């Protein structure tokens, strides 16, 4: 009996990379491994992705763990360094770093490094999260250009705020500002995250940065992954541990938030918010039992959920349950939980066992 297992299909991962390559055939791929590869297991994903050009992580610790495990591919720190003392490790581990503030640039050029470091200079073109404001760009670029601490050509990058909404006017505004600032400077360019890869070909540039689409979920607000030929890499499974008769008028679960409108049966599944399943998943959230879709009813508990399977449903203890993945798009589950696929994937806890296969 499988209890709280995330099956990771590496063949689906490689399929999704090929879909991405077809969308941006001339761009290099910086594959996102941050947040434990969106909950999929960073080391196993890194080892499988022999056909990408570099990896992106958010924390120095993530990068050093990859290096310690023997991963030699280029690794970019997407938020740069948090303290200038980290620069020595960045250089020694031959990592690459984003610089997104004037202070980071000053700390970098004043550092005594044992070897030069590849730099990605991030511009804020309208998201107003991290990135150099346009007023600081010229100073920072000139300070870094041909500096002894900079390895080779810099890469200029930005991040799109609304690319999941293809017709949002901010998309063109950001792209135009980036092109204006970058001009014909001798640099590589990177703009496109998953949504931008899927919706704005003019922003593909030298490097694309796929994240969620690589793992088989859609980055677009109005479509699911299957519409883009993306296959789910993770299928979250558990099993039925009890089947109960429920009479008309009986309530189920904490708070008695669901009451049976007729006699029925409910299947109890061994998985809950203690495993990372969203507690705010509402009545009607779909699950698959033996390939048939049924609705979740009642509140999600720490270790269990309850599913209305109807009368004479032929559901038994030990039957396989799919919470999302193969046959059940995670986007559907996320919508019922008033969330997004990113949060569901990243939110799985350590007691969910991962099983990797091709």
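Using N, Cα and C of the backbone, Cβ positions are placed for all residues, glycine too.
The following features are taken from TrEMBL:
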ACT_SITE  34  active site, proton acceptor
ACT_SITE  254  active site, proton acceptor
BINDING   129, 302  substrate binding site
DOMAIN    233-357  domain 'Alanine racemase C-terminal'
MOD_RES   34  N6-(pyridoxal phosphate)lysine
When DSSP states are folded down to helix, strand and coil, where does residue 254 (active site, proton acceptor) land?
helix
Taking all protein chains shown into account, the Cβ-based neighbour count within 10 Å for residue 129 (substrate binding site) is 10
Take the C-alpha atoms of residue 254 (active site, proton acceptor) and residue 302 (substrate binding site) and report the distance between them in angstrom, rounded.
11
Would you count the other CB atoms within 10 A of the CB of residue 254 (active site, proton acceptor), including those on all shown protein chains?
10
Sequence gap of 6 or more, C-beta under 8 Å: which same-chain residues meet both conditions with respect to residue 34 (active site, proton acceptor)?
56, 57, 58, 59, 62, 78, 211
Report the mean pLDDT of the predicted model across the domain 'Alanine racemase C-terminal' (233-357), rounded to a whole number.
97
Determine the Cβ neighbour count for residue 302 (substrate binding site): the number of other Cβ atoms within 10 Å of its Cβ.
11
